[in-house]
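Working notes, structure below.
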Amino acid sequence: MQKIVDVLVAIGKVCKGAAAKVIALVATMAMIGAVAGVSATAVAQDLTSGDDASVQTDASAVAQAGDAAAQDDQSATTDEATTGEAAADDTTVADDKAAGDTTAQQSDTAQGEASNKEAAAETLALKPEAQAADDTEDLGAPTHRKYIKYNNDGTYWLSLDVTGASRASTEEKHQPVDVVLVMDSSGSMASCTDTRQDHQGNYYCAAYASPSRWDIATSAATTLAQELLTSENAALPEAEQVKMSVVDFDTASTIKRFGQSSWTTSAQDVVDSFGTMDATYANGGGTNWEAALSNANSLSSNRAGTKKYIIFVSDGTPTFRNSSMGTSCPNRRDEECGSYSSNGVYGNGQNDNNGKNYDAAVNVANNRSGATLYAVSTGSEANVKMEQFAKEIQPAGTFFDGTDADKLAAAFDSIVEEINKNSTYQDVLIRDTLSGYAVSTDAQGGTGYVTSASARDQDGTDVSKTDPAATKMHVDYNQTSKQLSLSFDAGTKLSPDVTYTVSILLKPSDDAYQYFIEHSGQYPNTGDQGTDAEGNDTSSGKPGFFSNAENQANVYYKVVTNVNGQETVGEQQSSAYDRPVIQVKVPSLTLTKGVDNANAGKYGADASNWKLSALKNGGAYGINPTNPSGEAVADGAVSKKSVVKTLLAPGTYTLSEAADSASGYQYFGGYTEGDWSCVDANGNTVKVTKKIDGTQTVNLAQGTDVTCTVVNTAKPGSIAWQKVAANDTNKTLKDSEWKLTSTDVAGFADMTVVDDGNNDAAASQPGSLKVTGLKWGEYTLEETKAPAGYQPSNKTYTVTVLPAGDATADAEFTVDAVEGGKITNKLVAVSSLPLTGGTTGRDWLIYGGGMGLAALLAGAGYTIWRKRQLV
C-alpha cells in the first residue's frame, strides 16, 4: 500500500489544479478504507512538499479529514475518539458510491469501529428514546402561596392561595406557539443509514438501498410541519397560531426567509426550505452548534404570551463555534484558526477535543429565555454528547434518539404531541391544620371563627361570581380538628391565571403565650421567606410561631392532559406551602387586695388573708387563687398588697376573691364585698363588667399592663337591746337611760344613750335601743335610769362588738348587749315604798283611790242634774 501512496504522491507532484483534487479524492478513499493502516497525514505531508499553492490547500484538507477518520492500529488510546469521530467527520468528501467502492479494503480497525457503533446503538436502545418528563409532570405543581397579615389588634388574616395554569397551544386555549426547527446540513448528514457486510465480514454502505440521514430528517420534519401547520391553525387569529421558523447550519448558520418574514404558518414553506439547503458531501461543512442556537434564540414572532420551542436536529458533535473561548486568531500555528479568516469561526472542523465548541453551545442554550429545547440526534455517534447537552443546559432540555427513520418519526411525534398538549389542574384541594400556637377567632376576638374565599384574575379583578371554578369552590373549617380547607366540586378545572384564595382570622393560642412566657420571651420558629401579605412585615425571616402544624399545609391536585380531545387525568399529587409565623404581645395583670380597717382597728384583717384569682376558659387558664404578699402599701385608710404581676394570654378573665380560712382569721363576715376596679399603666380605666349573678370580668387586651384592685371595708358594729319587765319579757319598758364606755377601743368617748333620744338608733320604738357606728372591740353598758315603777338593773354589761364568721350584705353587723337581747327590770314592791319624806307608793294608792271615788260621785250628780233640766 505504501507503494501505491508513493505513486499517488508522485502523480500529485507532477499534476496541478484539478489533478491534485482527484488525488485528494483518491487519498480520501484510501483513508476511509484505512488501507494497510497508512495514515492520511503521511499522504498529505508528501503532497504539500510541492510548490503549488492550490495543491497545498487541497492536500491540507485531505490531511484534516484523514486525521479525523484514520487510526493507527497500534494507538489504543485513540479508540474512543475514532469510534466517536471517524464516521461523523463533517469534512468527508467521499460520496456513498466512493465509500461503497472502498469497503472491500476496510481494515480490522474499521470493522472494530462498526462493531463499537452497533454495541453503542444497542445500549442506547435500552434507554427511553425520549428523556422527557412524564406527560403530567411538565405543568409541575400549581403556583401556590401562604401568607399572613397582622391586624394590629392581636389577630391575623391567614391566607392560602392557588393559581390555575394551562400548558396549552393548538388545543382549546390556542396559546400562540413559536417553533424553531434547527436543521444540521453538514456533509455528514449525507451519510447512509444502512450498512451491509460483504462475504469477508466487512461493512459497506448500501447506497442504492439506504436513504441518507438528511432524507430521513427532512421526511420526519415534513410530517412535523404538516401536523403543526394545519389549515385550521392558519385560520386562527394570529395571536393564537402556531408559527414555524427554520434555521440551517453547518460551519455557519442562516435563518430561512419566507417572503418578508422568518415565520410561516404554511407547512409547504417549511418543506420548500429544505431544498435550499446543501447537505451533500461536496458541501464539506462542519458542525457549529453555537451559531445555530444563537440564531434560534434570536427568533421571536413578538406575540404576547407565546410559548417557544426549539427543535435542534444534528448528527454530530460540534466542530466549530463563533465565540473565541480564549482562542486568539488569526494564528497559523493554532489549528482552531484554520477557518477563522474565511468563515470567522473557531475550531478545527474535525473534533472538539478541548470541549470549547460544546461549552460555547451550552452558553448560548442557557440564554434561550426559557424556550423548551428538544435535542434530536440523527447519528448514533452524537447520541452521548447530545443527551449530555440536553441534561446540562439550564433549564434542561429533552433528548430524543432519532438515529433511524422509526426513531426519528417517533421523536417528532412526541414533540408534536407535547406542543399540541393542553394540561391544567383539576380536583384541587387546599388543606391547612392550625398549629397548637394558633386558634381561630371571631371579629370580637372571641372563640368563634371567620373565613372567606375569593377568586381574582391576573389583573386583580374579583371573578368569584363569574369564574366557572370559583362558583364551585367551598370553604370549611372544623374547630375541633382546627383544619381549614378550600375544595371544588369533583372534576372542576382551575381557570388559567385565576388565583383562588381561602382566608381565616386567627390569633395566638394560650399555649403560644405560655411558651413565650416560660421561655423568657424567645420564639421557637422563623417564618419562611415570602410569607408576608403585601405591606406586612411580621413573618418573612422573623421569629415567631408557625401558624400551621408541621407538614399540615398542602395543596393537592391532579394534572389533566388533553391531547387531540383525549383527556388523561393523572394521579393526585401534593405540594407543601411555606410556613408563616405569628407573634404574641403578652399582656400583664396585677391583682391587688385592699383592706380598709378603720372600723376594725386592731381586730382588722390583713390583705394576705384573702386569695385573689383571674381565670378564663372555665378556670383552666389564668391566675389561680393566690394570697397577696409583700409589703403593705397604705392608700389613705386602705392597706394594699398584691399578687405578683403575671404575664398572661389576652382574653376575658373572671376576677374573684375568697377568704382564706387557712389563714386563721375569723372575722371575714365583718367586711363588705368589694367591687373590682382596673386601670392600665397610664391610669386609664379598664372596664370591668359585673353580671347579674355578681360575677365580675375584665378583658385583658394584648400588650397591655393592667392592675385590678378589690377593696374590702370593715363594717361598723352595732349594739342592740330591749328593756323589758321581768315579770313579762314581751312587755317593753320605755324611758330608760344608759351609759356606754370602752377601754378597749382606742379613742372611744363615753356615750349616754337615752331611749328614743340621744344615741338611740332605734327611735320610735320605745323600750328598744340600738347604738350604731361602733368600732370593733369590747364595750361596757350600764343602766343609769330605770323605767318608771321599775327598779334599775344595777348591772354592768360587757359587750364584745366583733362580727360573726358569715358575711352578710348588711352595711353593718349587730351584736346583742346580752344573750337573747333583753335586759329586764322588776317592778318596785309597795312594802318598799318610803315611810317618811316624800310620797310613797302607798300614798299614791290612797290618793288614787280617793280621787277615783270623787270622780264617780261627780259623774253621778251630773247625770241627775241633766235629767231634771230636760223635764
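Keep in mind that glycine also has a Cβ here, set from the backbone N, Cα and C atoms.
Looking at 30-51, 844-865, the range annotated in TrEMBL as transmembrane segment turns out to be 844-865. Sequence-remote contacts of a segment are chain residues at least 6 beyond its ends whose Cβ falls under 8 Å from one of its Cβ atoms, and for the region 'Disordered' (520-539) they are 145-150, 157, 159, 545-546, 578-583. Restricting the average to the domain 'VWFA' (178-415) gives a pLDDT of 87.
Here the region 'Disordered' (520-539) is broken down by DSSP into helix, strand and coil counts: 0 helix, 4 strand, 16 coil.
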